[in-house]
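**Student:** So that we are looking at the same thing, I have put the structure below in structure tokens.
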Amino acid sequence: MNNINKIFITFLCIELIIGGGGRLLEPLGIFPLRYLLFVFSFILLIFNLVTFNFSITQKCVSLFIWLLLFPFYGFFVGLLAGNKINDILFDVQPYLFMLSLIYLFTLRYTLKVFSCEIFIKIVNAFALYGSLLYISYIILLNFGLLNFNLIYEHLSLTSEFFFRPDGAFFSKSFYFFGVGAIISFVDKKYLKCLIIVLAILLTESRGVLLFTTLSLLLASFKLHKLYLNTIIIILGSVLFIIMLYMVGSRSEDSDSVRFNDLYFYYKNVDLATFLFGRGFGSFILDRLRIEIVPLEILQKTGVIGVFISLVPMLLIFLKGYFLNSTKTSLMMSLILFFSITVSITNPFLFTPMGIFIIGVVVLWVFSIENIQISNNLTSGAK
């Protein structure tokens, strides 16, 4: 069973990291692999339970229950508000992937360690080789050595890619460039980190660049002295200014959409909405989903929902960043920090990609790390 679990975990990581939003195979008419993996995780869970090939920690169970409170709350507020059931279910859909965390959280200790290690390895490989490939694409495109129309014709068949007018593009899997940059920086592989950050710059995604840089700065505060932190602040500021210059007036459309969303909430909020929200299935202007995730949470679940969703994230981050002492805990906490903050401008955290990251971080910070510390204390006592 262990080998079967390892193969499944490896394939799951590859699909989530490289597959991004899960729509790469959309043009082929193939049933989404993500749904099949979701179902298969429950089949494996049953086999693990039947064969006693599982391990449960109280903290993982407590955090899992707390994580589920948020979609349950949004669902019931939506029902009480009289929102259409189809719209409510549309909002619930991304959170269903949280149920797959039951599989992760009940794995045996060795498989939990394997899950975290294989996740880091696959992100490392994808971030580096994906960045090199993307940088090569931009160079060849600017030298006129690529047929952009042909590339656009093929890649635009799926909704996974978002093209810029100058030929640059962003894929949802590119969020893992930011994760890879954090891993490389904490591992002190600075050249690799710079290559990945350069690729992020060339995607022209301001939010990903900004919050990757902030995550690297937080890592530097723990790892380096003041002069290196200053260098990172200056370098990050320069890169962001370059990004703003590259994007230019093209950012006005997306900025105006975000501003209109904020203005709509401001004009329509009342005390009940502010406290309890309007529930899942409620709209901001004519959309169920918006780019500013915190605003969407506030609109649909109020400050109560913000509190419910934020508390477990803060607990995980604070424990990994301040209380645990290992390099991997620092890495994991900053990956979570990036996932939370990048969701201010791009929906990421409560997607299958973001939910899986939450699961992996919880595994390390609240399960693996605790057992390792306990074992070290026991060894020391002997």
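Counting begins at 1 with the first residue displayed.
Keep in mind that glycine also has a Cβ here, set from the backbone N, Cα and C atoms.
Owing to the predicted nature of the structure, the values given are computational and were not obtained by experimental measurement.
Taken from Swiss-Prot, the feature topological domain 'Periplasmic' covers 23-34, 82-94, 147-167, 248-300, and the record attributes it to experimental evidence. Residues or ranges marked as topological domain 'Cytoplasmic' in Swiss-Prot (evidence: experimental evidence): 55-62, 113-125, 319-329, 371-382. Positions annotated as transmembrane segment by Swiss-Prot: 4-22, 35-54, 63-81, 95-112, 126-146, 168-187, 190-206, 209-226, 230-247, 301-318, 330-349, 353-370.
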**Student:** Which one, 95-112, 168-187, 230-247, has the most C-beta pairs under 8 Å toward the transmembrane segment (35-54)?
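**Tutor:** If we count Cβ pairs closer than 8 Å to the transmembrane segment (35-54), 95-112 scores highest.
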**Student:** List the helix, strand and coil residue totals of the topological domain 'Cytoplasmic' (55-62) as derived from DSSP.
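**Tutor:** In the topological domain 'Cytoplasmic' (55-62), the DSSP-based counts are 5 helix, 0 strand, 3 coil.
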**Student:** So which residues does the transmembrane segment (4-22) touch in its own chain, when a touch means Cβ under 8 Å and the partner is 6 or more beyond its ends?
**Tutor:** 32-34, 37, 40-41, 44, 48, 53, 107, 111, 114-115, 118-119, 122-123, 126, 159-160, 171-176, 351-353, 356
**Student:** Of the stretches 63-81, 95-112, 230-247, 301-318, which racks up the most C-beta pairs under 8 Å with the transmembrane segment (353-370)?
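**Tutor:** Counting Cβ pairs under 8 Å, the winner is 95-112.
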**Student:** Does the transmembrane segment (190-206) come close to the transmembrane segment (230-247), meaning at least 3 CB pairs under 8 Å for residues 6 or more apart?
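**Tutor:** Contact criterion met.
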**Student:** Would you say the transmembrane segment (330-349) and the transmembrane segment (301-318) are in contact under the rule of three or more C-beta pairs closer than 8 Å, pairs 6 or more apart in sequence?
**Tutor:** yes
**Student:** Any chance the transmembrane segment (168-187) and the transmembrane segment (330-349) have 3 or more Cβ pairs under 8 A, given the pairs are 6 or more apart in sequence?
**Tutor:** yes
**Student:** Determine the mean pLDDT over the topological domain 'Cytoplasmic' (55-62), rounding to the nearest whole number.
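**Tutor:** Averaged over the topological domain 'Cytoplasmic' (55-62), the predicted model reaches a pLDDT of 86.
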**Student:** Given the cut-off of 8 Å on Cβ pairs that are 6 or more apart in sequence, determine whether the transmembrane segment (209-226) and the transmembrane segment (330-349) share at least 3 such pairs.
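**Tutor:** By the criterion, they touch.
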**Student:** Using a cut-off of under 8 Å between C-beta atoms, tell me which stretch among 63-81, 190-206, 330-349 contacts the transmembrane segment (126-146) the most.
**Tutor:** 190-206
**Student:** For the topological domain 'Periplasmic' (248-300), jot down how many residues DSSP puts in helix, in strand and in coil.
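**Tutor:** The counts are 35 helix, 2 strand, 16 coil.
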**Student:** So if I exclude everything within five residues of the ends of the topological domain 'Cytoplasmic' (113-125), which remaining residues of that chain have a CB under 8 angstroms from its CBs? That is, six or more out.
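**Tutor:** Cβ under 8 Å, 6 or more out: 6, 9-10, 13-14, 17, 104, 107, 176, 179-180, 183-184, 328, 331-332, 360, 363-364, 368.
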**Student:** Could you give the residue numbers and ranges of same-chain residues that sit at least 6 residues beyond the topological domain 'Cytoplasmic' (319-329) on either side and whose C-beta is under 8 angstroms from one of its C-beta atoms?
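**Tutor:** Those are 116, 120, 186-187, 218, 222, 336-337, 361, 364-366, 369, 372, in sequence order.
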**Student:** For the topological domain 'Periplasmic' (82-94), give me same-chain residues lying six or more residues beyond its boundaries with a C-beta closer than 8 angstroms to one of its C-beta atoms, as numbers and ranges.
**Tutor:** 71, 74-75, 278-283, 288-289, 300, 350-352, 355
**Student:** Other than its close neighbours in sequence, what residues sit by the topological domain 'Cytoplasmic' (55-62), given a CB gap under 8 Å and a spacing of at least six beyond its ends?
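**Tutor:** Tertiary neighbours of the topological domain 'Cytoplasmic' (55-62) are 105-109, 112, 362-363, 366-367, 370.
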